[in-house]
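Remarks on the structure that follows.
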Amino acid sequence: MTAASTSKWGLVTNVVNSIVGVSVLTMPFCFKQCGIVLGALLLVFCSWMTHQSCMFLVKSASLSKRRTYAGLAFHAYGKAGKMLVETSMIGLMLGSCITFYVVIGDLGSNFFAPLLGLQVTRTFRVFLLFAVSLCIVLPLSLQRNMMASIQSFSAMALLFYTVFMFVIVLSSFKHGLFSGQWLQRVSYIRWEGVFRCVPIFGMSFACQSQVLPTYDSLDEPSVKTMSSIFASSLNVVTAFYVMVGFFGYVSFTDATTGNVLIHFPSNLVTEMIRVGFVMSVAVGFPMMILPCRQALNTLLFEQQQKDGTFAAGGYMPPLRFKVLTLSVVFGTMVGGVMIPNVETILGFTGATMGSLICFICPALIYKKAHKNAPSAQVVLWVGLGILVVSTLTTLSVSEEAPLDLTQGARSGQRGDAEGAMKVEAARLSVQDPVVVMAEDSQEKLKPAEDKEVLEQAQIKGPVDVPGGDTPKEKQEAAQLDRPGQGIAVPMGEAHRHEPPIPHDKVVVDEGQDQEGPEEKKPPPKLPDEGDPAGRGQGAPLLPESEKKQDPERGEEGKRPEQVLAVGEIERPQKIPEANGQPPVQPRKEDSRPGNRDLHPVPQARVSVELNDLVAGEGKESAQKAGGAPWKPMESAVESNIGGKAGLAVQRPEAAEQREKNEAEQPGGDQAGSKLEEAGRAEMLDHAVLLQVIKEQQVQQKRLLDQQEKLLAVIEEQHKEIRQQRQEGEEDKPKPADMQPEPGAAVLRGQEEEAEHAGAPDEHAGETLEDNPSQPLQPVLGAPRGHPAPSQDKGQHPLEEVKVLAGRDLADLPAGGSDTEPHGASSKLREDQKGAALKVAEAVRKLVPGDLEPVHKPDPAEVPKSPEKQLAKEVARQRQDVFGEGSQERKETGKDAVAPGADTQKEAAQPLVGAEAEDSHSKSRHSEPTKVPASGPAGMGFQAQARFRQEPQVIFDKSQDSHPEVRSEGPRGVGIPAEEQHRGRGAAAMQEEKQRPDPNSGPKLAVPGDQKPENAKPNRDLKVQAGSDLRRRRRDLASPPEQELAPKDGVIISFNSLPNVQVNDLRSALDTQLRQAAGAALQVVHSRQIKQLSGDLEEA
């Protein structure tokens, strides 16, 4: 039972969604036409008839086994019956679509026009309908399968209808529901409106097209279940309609029009409901277009099958599908544009197609199967009566409607001001129970006129204005009679002496009183607040409220209204000037945001000039508008809101004199000169920008030249490295160290080397620890010069990379920042692997005996002099490039370079050349491999590398050792001092093994320093040391030499050496990136320079 009840209420909800539509908006109007009692009875009667017709269809379907409306008609009456049903269905759907468009035009235009600052005109309404049909309705209608989303939208629309009902109820409370005054206003029974309202009621319940699909969707189709489902749905809808009709009619009584939403004052809730209606209606179009399109397809194109039946829901070719959809969408849009109001289209459609579909056809089909059916007879005759009488009644009333309803009501539909006035009239009528509604509105308006006259006399009395009070009264009457006061369309003299007068005068003063243009702009809003004026509010109060509200509006938006209010031909000429000059000021401000620091004075001057220009424009406008004595008086009225008559008298004269003086002065010339000055200021700004750009270009050229020099140096180093490889193969012993596991080898190498390492190694470790902040910067600054300690750590990655080429790939994710260097270096490795292997064999033989004894003395002694030289060269080069480089930076760079550099210099100078390229590629691999060796320190470095990934990439391209330095520097931060000393000790041990190249250590230190142009020899040393290390690593592949692996693990740190080559590749890329990046790179380079100089000083 639970599942069954759940499914039942789900079907009830779907049926209610299909029944409730925009016709709910016309319920108060129908109650007004028929009276409260008769309207409620008619609703109940139409609900009963709808239920009966639905049961006719269900019973006929159960007997004939047909599941479509057209199929039942064909079964009963042949092809004629099928065509009747299909044409009626098409007409009903088209009428519904037209109704949707009318509602969108009424509600949407009243909502969107004020937002856009436009008037609610017929042209805007047409434009809105076209935009909605093109942007919302058409895309949804062109979808073949939209039912799921449409149902969700329909459920959302039902929520809007519910909220709408509550708003109606609350409005009735607000309009005196419990005071009982409405009892004398409303009518209870009016037989005249029966035939006009019954078709609307009938169409409001139209759900016959949903009957058979719902019946077919039941798990166990039965007539009893269908009867309960539709009875529940119709009861809910009937209660909903009665509530909306009753409370809506009580709220607005005789002022009620076809679309009740138009009466509501503009506030957040009502605007939300209006927008909700518009969107629900727009989204509900496919619900109407889908069956309409299908019916058109079957009616026009479907062929009868051999068995005499028609295929239901056949496939529709794409072209036909699109043509039918377009014709329906835009055809109904034309109908929505042509038909004036909702009640007319609903009444006509309901009287014709609605009566056929809802009552006549179901009754005829049922009578064919069941001869004796009294209920079918009743429904049939009522339907025929509606078809004939209601059609005539609706057409006749629609012709008279423009005189009765649409003269005031249609204009009310086009403007919120009219609706608000009607609401106020209803509200006032509630307060006076004796007066009839029609008289009430007039009587309430006339006192408002009297108050208005008195108010204005109070302010303007002392001034002798030509025109006197008599024209004022006439003008006020004219304006109050006009429905669209909310629209700023003054009608000649009618506006001049009304509250809008300050509006016109303000336009004149706007130019004269240069100080407060915003205060004078309020007048355009006066017409918008014409309703309060009509209601008897004081005119002087309007300018203040407007002044508060006007600043929010843009000047441009207000001035056009002012032009309209003045109604003069010269006025439009002022507008382009006033609107054209403000853009000048914004442009200057826009061009300045980046250059405000450069030219603050020109900006201020320009703004002053612009203000003068605006003032000049105001004067010109005043001159053009000047000449009428009442205009100065208007300005006086606005300025003297307090009602000071004496001031009002004096000010008109001053204004007239001002206008005369201004007429004599050529304001256009002043404006032109000011524009020229503003243009000059802009030219200055542009010139400054050009200079800055030129300077940046010059700097970029310098960088490019330096990078080219670096590339040339690197090429020379490569050549020397190759030669040194050959020599190193013959001279250097082969290291007996093997690293079965790169991570373990690195750890062991660091430990052993830490033991063997001398003071220089310790010093190197200290330099890193002393400057914990440096590792972060070296990541960026590495391109120019990297401390040697990072290189020592880089040596470990070199060995690891060589030992495990495949593992490098696995480790790469750990050092994600190095993936790019790895790709660049892989090419170099392939070229140099052969030579490196040979060198490695020679290294194996030479290393074992030389490792320990050689290690300590060399790093301390040999590297210092070359390191200092390198540091100086680097500093000079960087100063040349960037114009920066302090002695402190050089010293720090030297300190960092010294320890690792010495060990690396001793390690292998000749080998550096051969292995530089390999280490180049491996260093990038080695950084990922370092991650396991260094542990969390490596992790921190990776995070840092990622954090500065862009700068690293840019500078790594220009400087080969940089990637190693990046990984090593941050690791140095994370790694304890002991590990750093160990790493350096390992480097020293390796250098001892590589003793044949005692100068390789300084060269290793140089790699960062060699990146400058002057560091060629240092790069050679780096390359040699790297080549030696690589050879040893390759030699270490043999198991007997694994024992020495921990020491050689330090060799991995030589990866920094290979970075020299990487820098070559990156330098080329660097040039391009720098060109794109511009000044941003310069900042990064400056940081690098600082770091390098600091490292040199420490060394």
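Glycine is treated like the rest: Cβ placed from N, Cα and C.
Residues or ranges marked as coiled coil in Swiss-Prot: 698-734.
Positions annotated as compositional bias 'Basic and acidic residues' by Swiss-Prot: 441-454 (among others).
If you look up Swiss-Prot, you'll see 493-508 (among others) marked as compositional bias 'Basic and acidic residues'.
Positions annotated as compositional bias 'Basic and acidic residues' by Swiss-Prot: 517-528 (among others).
The compositional bias 'Basic and acidic residues' feature in Swiss-Prot is assigned to 544-561 (among others).
Summarising the annotation, Swiss-Prot assigns compositional bias 'Basic and acidic residues' to 586-599 (among others).
Under the heading compositional bias 'Basic and acidic residues', Swiss-Prot lists 653-663 (among others).
Residues or ranges marked as compositional bias 'Basic and acidic residues' in Swiss-Prot: 720-735 (among others).
Annotated compositional bias 'Basic and acidic residues' per Swiss-Prot: 793-802 (among others), in sequence order.
As annotated by Swiss-Prot, compositional bias 'Basic and acidic residues' applies to 852-894 (among others).
The compositional bias 'Basic and acidic residues' annotation in Swiss-Prot covers 917-928 (among others).
The compositional bias 'Basic and acidic residues' feature in Swiss-Prot is assigned to 957-969 (among others).
As annotated by Swiss-Prot, compositional bias 'Basic and acidic residues' applies to 1010-1022 (among others).
Among the features that Swiss-Prot reports, phosphoserine is placed at Ser441 (among others).
If you look up Swiss-Prot, you'll see Ser607 (among others) marked as phosphoserine.
Per Swiss-Prot, phosphoserine is recorded for Ser635 (among others).
At the 8 Å Cβ cutoff, the transmembrane segment (153-173) and the transmembrane segment (84-104) share fewer than 3 close pairs (sequence separation 6 or more) and do not count as touching.
Most Cβ pairs under 8 A with the transmembrane segment (323-343) among the ranges 36-58, 84-104, 123-143 are made by 84-104.
Here the transmembrane segment (9-31) touches the transmembrane segment (229-249). Their Cβ atoms form 3 or more pairs under 8 Å, with each pair 6 or more residues apart. Ranked by the number of CB pairs under 8 Å to the transmembrane segment (123-143), the listed stretches 36-58, 272-292, 378-398 are led by 272-292.
Counting Cβ pairs closer than 8 Å and at least 6 residues apart in sequence, the transmembrane segment (84-104) and the transmembrane segment (345-365) reach three or more and so form a contact.
Between the transmembrane segment (378-398) and the transmembrane segment (36-58) there are 3 or more Cβ pairs closer than 8 Å, counting only residues 6 or more apart in sequence, so the two stretches are in contact.
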